[in-house]
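Here's what Swiss-Prot has on this protein:
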| type | residues | note |
| --- | --- | --- |
| BINDING | Glu44, Gly58, Arg118, Asp318, Gly331 | FAD binding site |
| CARBOHYD | Asn518 | N-linked glycosylation site |
| CARBOHYD | Asn621 | N-linked glycosylation site |
| TRANSMEM | 18-38 | transmembrane segment |
| TRANSMEM | 460-480 | transmembrane segment |
| TRANSMEM | 492-512 | transmembrane segment |
| TRANSMEM | 527-547 | transmembrane segment |
| TRANSMEM | 570-590 | transmembrane segment |
| TRANSMEM | 599-619 | transmembrane segment |
| TRANSMEM | 641-661 | transmembrane segment |
| TRANSMEM | 725-745 | transmembrane segment |
Amino acid sequence: MTLKAVVGNDKGARFRVVIVGGSIAGLVLAHCLHHAGIDYLVLEARDRVDPQVGASIGIFSNGARILDQLGVYKSIEQLTESPVWYNMLTGEGALVQKVDSLRLIEARTGYPVTFLDRQQVLKILYDQLPTKSKVLTSKRVLSVDHLANDIRVRCEDGTEFTGDIVAGADGVHSRIRREMWRHAERNNALRYLKKDQEAMSAEYRCLFGISTAVPGLAGKSHYRTFNKDWSFLIAIGKDNRCYWFVFEKLDATRRPPTMPRYSESDQKEFVRPFLKRYVSQTVTFDAVWENKISSALTVLEEAQYNHWTYDRIVCLGDAIHKMTPNIGQGGNWAIESAAALTNKLHVMTKTTNQPTIEHIRATLREYEQSRQPRTKEVCETAGFATRLEAFSSFWHRVMSLYVVPYAGDMLVDVHCQAVAQAPKLDFLPLPDKSLRDGTIFRIAQLGGQEDKPIWRVLRALPFILLCIAAYNTMGSTTLVPHVHQMSSTERICLVEFLGDLTPLYIIAMVESVRRGNNFTIAVLWSLFGLVGQSKGIVYAVPLYFFLHYVQCSMVRCSSPDNRHVPIHYASTLVAAVGAGYLLPTAIVLFGSTNLDVSYLWKLFPILMTILHRVFASFAPNTSAVDRIENPRADMRYLRLAYGIGGILAGITRVYFWITPVHHMANLLSDMLQLWHEPLALRNVDLRQLIRHNHLLVLGSGLFWELLHFRDLKNARRLKASWIKVLGVLATTVVIFGPGSAMALGWAWREEVLASKIQLN
């Protein structure tokens, strides 16, 4: 039977995609192709496209944005409820962690993490297809053949269909993938064919299902139970509908053709040891099982394939990238692949309505190459999560119980970094929901270039060279002498230098508690301060600048909540700097000559940090709310801190100007001396040593700020020209000194990061 006899429409001259599989991947691809103006036909083996097999699907922001572009997301959203709470428990039911990370993900991406019946999503996708006649059920494909100008699909019922390409969206046991291998093997064409044929394996199995509301399991919550060799995942959806997964490690790694298949009686045997195990602090799994609507037991196949296409055959979804379901990205990655494939086909068909076979092959290879690196990463992440939750090794257990619970929003950061670069449909407008202010997708729309770590290292290399040069010329120096033994000129130089350091220490304190800088060198700034006090600030500060710049890229503070400085820290910052740095410094500089406290002053970096923590402990910690609802709440305190730092530095400059010492007149000569005679620094007096330290430390600080301004411009967050940036900073240096310039520059950067993103 020909296509014309079945659907009343032959291929003609139009480019057509034959989609095998009415899966999530297949139906989303059909929607994408429709919007791209590309003809398609969907062949589904079952007698309906939306069977209830007990499966659920998690819709994450990377998939939701594409569904929103296609106009189907609102219907899906009506069947879901935005979750808030993530609960992590041990196998004994002890609560390890309860956080609102799911709410934070929605704030960052514009879309909630939602679960619903897979059947519901399939029904929506099918019902909202403009041409349902192009979806044919009971069409189990047997073979695919390449013709001179077309590709032909033969079905079990004897029907045949032709198109320009065949897209395999027929799941993990894909017939189309096997047909692709058959053609490639016949022509000895694919380099890693043998490896692909042996790629699939399974180390775990999963009983998954859907239950009605279970008493004791709160709405808007996800529950994960971790234990040796098994784990639970339960997501509570709309009307407290319960979507659940029971994971268990197999006794051995299985590969085809020895992959086990399970019956309903196997489910009853499997579930028996799990019934009295905890899924929450008070609920055991038997309560979930008693309310079961549907369920299924299956092995969890894992496979990463090297070849996604051959000739005019291409695969997507589980047919070509099969991952474990622990991170919920299987369906979303299928949606991504459907969009990515359509983007390539759209570009090709806009060039010509009748592309050559070689053009088609090249386009499919581009799709393959564009998806492989990102897919490899997510498959590995999913596998790692499965093993982490089942304590596959001692280190998995340690990480689960003693690292992850104390990592703050690190997992949210990892998730958002992964989805931020997700593909979209390039030929359709972006949904308003994804472009809300502060979302990762809005930030990505700025089109800033990705900054690779090696380039950050190279740009920051002058800091290391400065440290080496300073050590070779100045040795180990400290500027904490007995102040009462200084001359008046030396004391004045030291006052100005220490005054200019005030903004630097304020900035370092801010960076040490900024949310986005968790687990970076920025949190250890006080150690650099101690090294500077004992071995020389001219080494410690540039080294801090180097490590901070390399680690703390724009990615770490691009989201509003990661730029945020918790209010209890921001509001006590000035007090901590005043009590921990300014007061001890004033005592050292202007105290009684009979009181030598300079040895205590060496410890001020630690003192300032301790005082900051103590003061902050008395202020309310509103971070949980502010990071989502009001991430700019810290700005008034930061403006105050930067302003006070800049004013104090400016006051010391004014104090210096009204003294007989003409520091600015000697600045150029100092710079020339450092350039032409660096070795002469070994023989300078204390006044010159202070001035040289002043010049090197604050000069490196301004260079550090310029590097961060460069990041702002690269990310297209800063509209001001380099002439304006350099002019403002240079003018401030001349009038108020480098310390005030540092305060102004960092305050400017803070304002840019906190401002609403303008896409025009």
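From the backbone N, Cα and C atoms, a Cβ is placed for every residue, glycine too.
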TODO: Inside 10 Å of the Cβ of Asn621 (N-linked glycosylation site), count up the other Cβ atoms and send me the figure.
DONE: 13
Task: Inter-residue C-alpha distance, Glu44 (FAD binding site) and Asn518 (N-linked glycosylation site) (nearest angstrom) - done: 49
Task: Helix, strand or coil at Glu44 (FAD binding site) [DSSP, three-state] - done: coil
TODO: Count the other Cβ atoms sitting within 10 Å of the Cβ of Gly331 (FAD binding site), across every protein chain shown.
DONE: 24
TODO: Determine which recorded stretch among 18-38, 492-512, 725-745 has the most C-beta pairs below 8 angstroms with the transmembrane segment (570-590).
DONE: 492-512
Task: Paired segments the transmembrane segment (492-512) and the transmembrane segment (18-38) in contact, 3+ CB pairs under 8 A - done: no
Open item on the list: According to DSSP, does Asp318 (FAD binding site) sit in a helix, a strand, or coil?
Closed with: helix
Task: Neighbour count (Cβ, 10 Å) for Asp318 (FAD binding site) - done: 25
Open item on the list: Just to be sure I understand the packing, how many Cβ atoms besides its own are within 10 Å of the Cβ of Glu44 (FAD binding site)?
Closed with: 26
Task: Those residues of the chain, 6+ apart, with a Cβ under 8 Å from that of Arg118 (FAD binding site) - done: Ile24, Val53, Ala55, Ser56, Ile57, Gly331
